[in-house]
Every structure is written in C-alpha cells, then in structure tokens.
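These notes concern the structure reproduced below.
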Amino acid sequence: MQETSLRKRREDEKSLQSTEPKTTNLQKELGLFSGICIIVGTIIGSGIFISPKSVLSNTEAVGPCLIIWAACGILATLGALCFAELGTMITKSGGEYPYLMEAFGPIPAYLFSWTSLFVIKPSSFAIICLSFSEYVSSPFYAGCSPPQVVVKFLAAAAILVITMVNALSVRLGSYVQNVFTAAKLVIVAVIIISGLVLLAQGNTKNFENSFEGTKLSVGAIGLAFYNGLWAYDGWNQLNYITEELENPFRNLPLAIIIGIPLVTGCYILMNVSYFTVMTATELLQSQAVAVTFGDRVLYPASWVVPLFVAFSTIGAANGSCFTAGRLVYVAGREGHMLKVLSYISVKRLTPAPAIIFHGIIATIYIIPGDINSLVNYFSFAAWLFYGLTISGLVVMRFTRKELKRPIKVPIVIPVVVTLLSLFLVLAPIISMPAWEYLYCVLFMLSGLIFYFLFVRYKFGWAQKISKACQAPEPPPQASSDARPCLVSLILTRVPRRQGWTVKASSWICTAAT
C-alpha cells in the first residue's frame, strides 16, 4: 500500500513538472575574442567615412584633429566601463531606460524612451542613409557636389529597401548584416594598409607644422567631439549581451579595454592615411574623403572604394534599423506607444509595424536635414542621456548601496564622464547656438505631454483617442480559414544564428488586409 502511494506521488510530481512552462536559457558561448569582435563590428560603420571632414573643419589643423580622434576613443572607453557596471548591477533589458528608472524615476526614463524613438534612433538611421547616398552618387558627379534632390532620393530609397528587408525576414536581415560587415572590414584594411605603405615611402609632408593655423574655441571643440563621437557610437552595446559572455565579470571589462582602443587605433590610422595623400585644404574640399583617397591611391581600381564604403554604410543602416525596430516594439508593448506597434507577424515573426514606423520617421528627417545638422541634433540628444545615465551611476553609489556590483569602476570615472557630457551638451549651445538644438529640446519636452496624458494619469478622453488609433481585436475563437494575423509576443532574446527564441505571453491578433 505504501509502495503504491509512493509510486502515485512520483507520477503526480512528473505530471506537474510536465505541465510547467518550459523556458529557454541563453548559453554562455561568447568568449573574450567574441566580445572584442562584437565591439569592433558594432562601432565601425559609416562614421569614419563622413566624420573626418567635419572634425577637421572644427579643428582647422591636422594635429588637433588627430588628438580629437584619440580623445573620443578615451571618452568612449570610459563611458563603456560605466555602462558595464550598470549592466551587471541592473540586469534588465531596454538600454538606458531601466538605469534611469532605478536612479531617477519614471519621468526621465520615459523621456529617454520618447527621445530614442523620435530623435536618436531615426536621426541615426537618416544620417547613415544620407552617407550611403553621397558615396553612391559622388562618382557620377566628378568635380562637383551631387544635387541634394538626388542624394535625398537615394537615401529615401535606401530606407525603404532596408525597412522592407527587416520587415519581411529576420534571417534575411541577418544575412545582409553579415555580408556587409565583412565588406566594411575589407575597406578599412585597404585604406589603412595603403596609407601605411605611402607613409613608409616618405609621404610625410602634410604632417609638418601640424598645429599651424589652429584656432580653437569652446564651441568648435564641442562640435568636433560631436562628429568624432558619432563615429564611435555603439560603444555602450556590449553590456546588453552580458548573459551570453563566458565569465562576464572578467571578459566584459577586458573586451571594452581592448576593443574600443583597437577601434581608436583604426580610426587614427585611417585619418593618417587620408592625410598622406591630401592636405587639410584638399580634405575639406573633398565631397567624399574615401573616394578621393581611392582616386589618388588605387587608380584604376578606385571604384572599389565607393562600392565597399556603400556596402559598409548600408550594413550600418541595416543594423540600426534592426535594433531600433525592437526598441519601438518594446515601447508599444510597455504602453509607451500605440499598442499596434507591439504586433508581430505570425508568419514572418518580425515586428513589422514597429520597423515601418521607424522607417517613416527616418524618412521625415531626410527631407529638411543634411548630415552635419543631423549629427549635431543626434549627438546633442544622445550625450544628454548618456551623461544623465552615468550620473545615475554616481547617484546610486549613495542611494542604492544594497545593489550588488560585480563590476565596480572607480567613482572618478563616472564623475569625469558626466562632466564631459555636460560640456558636450552646453558648449555648442553657448558658443555656437543653432536651431537644431532648440528643436531637439522642444521635441524631448513634448514627450511630457504624452507621458501625463496617456501613461501617468490616463485621462478618459486621451484613452479614447488612443483606442481610436488601434486596430480592432478579433473574437477569441479561431477558424480554419482564418487570414494571416499579427501577434503580440514577448521576445526573450534578440536574434541568434538559428532564428529567434520567443515566449508567447499574450496573443492580440488582427486580421491582415
């Protein structure tokens, strides 16, 4: 009798275990080398092909220009170390959002989410696509600037194609990313090796008196940093994959300390390569710096440079669209945006509405903007929140002492990065005020209106407006001839090589027309 009851109890335990939901845990498969490769591959994109001219125009001499590139690398390294502490202390996804929520509460966190959706991510996408169109069109307009209509039309076409690719298939988007990442590394290697060969042959004339004619102002230094740091954007991404790093408390800071200085070295060497064949004046007059370099060094194979630069920029644009679409999706899921943006195609498993929304906003930025004004617009907003987030690290050293800190940087590092961020935000406004800064501030503050109406207090009339914008939900019963639908899912992790790991939490379907 006792044996029977024991057997029955075991069977009951097995049946209970079988009914429990199964979850997929991420495997720690990424070592130190993989972490370094992720940093290098994420940071190197379109920036190094468009920023040299803008950095030089603000420093006016070769020596200060190279110093700015090195200083940007140091600042990016220090910022990444601060984010490594935040990422291992607050293990929540969503970028800066959970860090700001823990440090300062919901309003700064919501404003970051709002600014990312409408300012930082779409302006970044627009800048990269404008860079692509300038490099593609410049060989057809030798000796003059391509017409702005042509540049903006090509940029809009690039946004349309990339948006379609990412909306149609996760796997197709990842294939595009892999191919164009390889092309990016090829062109960087070609420029660096060619420049070093020329330098070894004695082409050092342009480096003589490299500080002559320097006329720096506080605002000019700030704008030079804006353009240099644009090329380093992505330095804060590695802590998002902490769960997949082997021995993350050792490998995460090591990957940052090795990876970002490696990128800095590449950027300085690429600028040195440019200056071996162009004077400062010639570089400023060049419509596409890398194309001019290719014409002077690689002729008759100079066509390789604009082709591979175009591949590099389109790869960066694809990666930007891929990640930003998921950010919009999460915002819709959390109730910060329309619920329709949290729908995912049940057939293709892509957040198509979120990706399309992101593409539309980026296209709007292309119409009135140019690369330099958009870089200033982007950098102002980005470094405002980078500084606020890292200042939150300092605040939590005193207000959240109970939190475990597997990685703990000396407090002087977040203090220095916060002060530098404050300088980067204020210096250009004070010495060289421009309309884009005012537009950026007004747009960020407008998020407060939506926060109080739709998120905080949820006024009845505001909810009616929100519901009017939603697609109607279908009845719960399913039919055999049901049309394709969009499903709201919670993604437990962003893509891996063999597709997506998904965990369905709620099913909100609308029939696709």
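Any Cβ shown, glycine's included, is placed from N, Cα and C.
Per TrEMBL, the features are as follows:
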- 1-15: compositional bias 'Basic and acidic residues' (COMPBIAS)
- 1-21: region 'Disordered' (REGION)
- 30-49: transmembrane segment (TRANSMEM)
- 61-86: transmembrane segment (TRANSMEM)
- 107-133: transmembrane segment (TRANSMEM)
- 153-170: transmembrane segment (TRANSMEM)
- 182-201: transmembrane segment (TRANSMEM)
- 213-232: transmembrane segment (TRANSMEM)
- 252-270: transmembrane segment (TRANSMEM)
- 303-329: transmembrane segment (TRANSMEM)
- 349-368: transmembrane segment (TRANSMEM)
- 380-399: transmembrane segment (TRANSMEM)
- 411-430: transmembrane segment (TRANSMEM)
- 436-455: transmembrane segment (TRANSMEM)
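Among residues of the same chain six or more beyond the transmembrane segment (30-49), those with a C-beta under 8 A of the stretch's C-beta atoms are 76, 127-128, 131-132, 135, 181, 184-185, 188, 230-235, 237-238, 241, 244-246, 251-252, 254-256, 258-260, 262-263, 266-267, 270, 288-290, 309, 312-313, 315-317, 319. A contact links the transmembrane segment (252-270) to the transmembrane segment (61-86), because at least 3 Cβ pairs that are 6 or more residues apart lie under 8 A.
Counting Cβ pairs under 8 Å to the transmembrane segment (107-133), the top-ranked stretch among 153-170, 303-329, 436-455 is 303-329. Between the transmembrane segment (303-329) and the listed ranges 153-170, 213-232, 380-399, the one holding the most Cβ pairs under 8 Å is 153-170. Sequence-remote contacts of a segment are chain residues at least 6 beyond its ends whose Cβ falls under 8 Å from one of its Cβ atoms, and for the transmembrane segment (153-170) they are 125-126, 129-130, 132-133, 136-137, 176, 314, 317-318, 321-322, 325, 348-350, 352, 355-356, 358-359, 362-363, 366, 495, 499-500.
Residues 41, 44-45, 48, 266, 269-270, 272-274, 276-277, 290, 293, 297-298, 304-305, 308-309, 311-312, 315-316 of the same chain lie 6+ residues outside the transmembrane segment (182-201) yet bring a C-beta within less than 8 angstroms of a C-beta in it.
Tertiary proximity for the transmembrane segment (213-232) is limited to same-chain residues at least six positions away from its ends with a CB under 8 Å from its CB atoms, namely 43, 45, 47-48, 51, 54-55, 58-61, 63-65, 68-69, 71-73, 75-76, 127, 260, 263, 267, 372, 375-376, 378-380, 383, 423-424, 427-428, 430-432.
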